[in-house]
Amino acid sequence: MNVVKEFDYLVIGGGSGGMASALCASEFNASVGVIESKCLGGICINVGCIPNKLMYHCSSHTQFIRNNSDYGFDLTFNGFNFQKFKKSCYAYVKELNESCEKDLKNSMIEIINGFGTFDVDGGIIVDEKKYKGKYTLIAVGGKPKLPAEIPGAEFGISSDQFFQLQNFPKKSVVVGAGPIALEIAGALAALGSETHLLIREKHVLRNFDQSLMEASTECIENGPIKLYKNTNVEKVEKNFDGTLKIFTKDGLILENVNTLIWAVGRSPSTKSLNLDKIGVKTNSDGYIIVDESQETSTSGIFALGDVCGETLSLSHLRGRLLANRLFNPKFTLKNCILHAATIISFHPPIGSLGLTEFEAIKKYGKEQITLYKCKFIPLYFGITFYKEKCIMKLVCEGENEKIVGIHMIGRGIDEMLQGFAVALQMGVTKKEFNFSVPIHPTSSEEIVLMRNGVKPE
Ligand SMILES: Cc1cc2nc3c(=O)[nH]c(=O)nc-3n(C[C@H](O)[C@H](O)[C@H](O)COP(=O)(O)OP(=O)(O)OC[C@H]3O[C@@H](n4cnc5c(N)ncnc54)[C@H](O)[C@@H]3O)c2cc1C
Ligand SMILES: NC(=O)c1ccc[n+]([C@@H]2O[C@H](COP(=O)([O-])OP(=O)(O)OC[C@H]3O[C@@H](n4cnc5c(N)ncnc54)[C@H](O)[C@@H]3O)[C@@H](O)[C@H]2O)c1
């Protein structure tokens, strides 16, 4: 098949990583094509970060409603209109899709609509037309896993279908202990769904710092979600009225469930790409293997984002760094340490930046690590009946106590972490924190006021 068009940079996947890299490459006058099979903006805009965060903002209102009388208000609550909220959400997502398209077009990037697969020469075939890039970027993301081995698993949905729900569920079951499970269960419960969260072990967020793992589990136990630990789903049955009956291996039966959501991880979208035709290697889970420059085992073909098993915060930056390395002759920055960051939009929000205590000990040795911790009730809850704790932890390395990790849970920490991410990237030390102005009265001042570091146990 003949190549119909050649680009300097051909990007397959118009999600967060692909878009960021494509737009950056166009700044250096590279000719760029972006192949997208669904909606521009990928998971993040269409069924991920954006709808989830809007859901979080929506459910935050219930907290204000709960606390309003403590602040002297006398309001009458008449209910929540899920359809109205969904309609506004869809409209906003559509606006963002259009804005992605506008951004690409304004940057003279060609949008190729359709599903791409590799040909043996590294070209990409879309609807029987072949395109080629001098450099090619694979940024095709991933999709939700469904536990096919569980009988009746197909009666449940994933986060991808969550916003297609016709009605707000009266009773919901969420399975999983990661960020998606927490965000969905947290919003459902806050908005009044009877929410049951089923986890296989003792804690949620087991990949996070222990402080967050324990604090968020405790927070769930003290809140409206009903948490079941050490629980495995055995089978799911569908009743005549459409409700579900969920059986666990330890004999628990959850009846009359309106919605079951599987949040049991995601897998890379590598299956139909024909990667074997071009020699791009993947690991045993299907994630594409790349070197420190994002290059795959095939020269000139790069990959980033969820398809490599990386978080969004890093893939965005890696996409721009890659475009600079390929097309910006003035770019001299060598590979630097990047501090991954994650915010989980739960009530209260959970944030993690850089290394956990466990990772820092593994990297630098226990004797090199100093920890700073604090726990307090934010001022907002000073006069409310319901209280919510804020917990902060710094992980520092070496004699100079360079900060390599920050972990927090509490009101407002989601908007707090970005500034600290800049400081960490600049190599900030605890001493520099100590001599920073504490901005009073905020929760964030506590992070520069922590004293009396301790050694890991
Ligand atoms: C429910 C949910 C909530 C999330 N919330 C957050 C959050 O709050 N913060 C955060 O940092 N991260 C969050 N994430 C993770 C974040 O959304 C992803 O890390 C990010 O979207 C990955 O970007 P990507 O570019 O690698 O892939 P994607 O966004 O998945 O983009 C890949 C694109 O490639 C397209 N594609 C796939 N195969 C082909 C093909 N063969 N041909 C053409 N096109 C193809 C897809 O249609 C898609 O548009 C969330 C994820 C989910 C599921
Ligand atoms: N705010 C954010 O940054 C944010 C929000 C949502 C998602 N994400 C990203 O999206 C990705 C996917 O998130 P996720 O929460 O689906 O995945 P995850 O891999 O983080 O968590 C999946 C959880 O499901 C559990 N699990 C697996 N199989 C199970 C089973 N059969 N029964 C019960 N539990 C089972 C696992 O033990 C794990 O706790 C992650 O990379 C995450 O970082 C990020």
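From the backbone N, Cα and C atoms, a Cβ is placed for every residue, glycine too.
Over in TrEMBL, the protein carries these features:
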ACT_SITE  His440  active site, proton acceptor
BINDING   Lys53, Gly116, Asp306  FAD binding site
BINDING   Gly176, Ala177, Gly178, Pro179, Ile180, Ala181, Leu182, Glu183, Gly265  NAD(+) binding site
DISULFID  Cys44-Cys49  disulfide bond
DOMAIN    7-310  domain 'FAD/NAD(P)-binding'
DOMAIN    341-450  domain 'Pyridine nucleotide-disulphide oxidoreductase dimerisation'
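Features as recorded by TrEMBL, highlighted on the structure.
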| residue | record | DSSP class |
| --- | --- | --- |
| Cys44 | disulfide bond | helix |
| Cys49 | disulfide bond | helix |
| Gly116 | FAD binding site | strand |
| Gly176 | NAD(+) binding site | coil |
| Gly265 | NAD(+) binding site | coil |
| Asp306 | FAD binding site | helix |
| His440 | active site, proton acceptor | coil |
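Cα of Gly265 (NAD(+) binding site) to Cα of Asp306 (FAD binding site): a span of 12 Å.
Using CA atoms as reference points, the recorded positions Cys44, Gly176, Gly178, Ile180 were checked against Gly116 (FAD binding site), and the closest is Cys44. Checking the recorded positions Gly116, Gly176, Leu182, His440 for a CB within less than 6 Å of any atom of ligand 1 leaves Gly116, listed in sequence order. Those residues of the chain, other than Gly176, Ala177, Gly178, Pro179, Ile180, Ala181, Leu182, Glu183, Gly265, with a C-beta within 8 angstroms of the mean position of the NAD(+) site C-beta atoms are Ile184, Val204, Leu205, Ala263. Gly176, Gly178, Ile180, Gly265 are the binding-site residues among Gly116, Gly176, Gly178, Ile180, Leu182, Gly265 whose C-beta comes within less than 6 Å of an atom of ligand 2, given in sequence order.
The two recorded residues, His440 (active site, proton acceptor) and Gly178 (NAD(+) binding site), have Cα atoms 34 Å apart.
Distances between the Cα of Asp306 (FAD binding site) and those of the recorded positions Cys44, Cys49, Gly176 are shortest for Cys44. Comparing local CB density within 10 A for the binding-site residues Gly176, Gly178, the maximum falls on Gly176.
Each residue in the domain 'FAD/NAD(P)-binding' (7-310) has a pLDDT score, and their mean in this model is 97.
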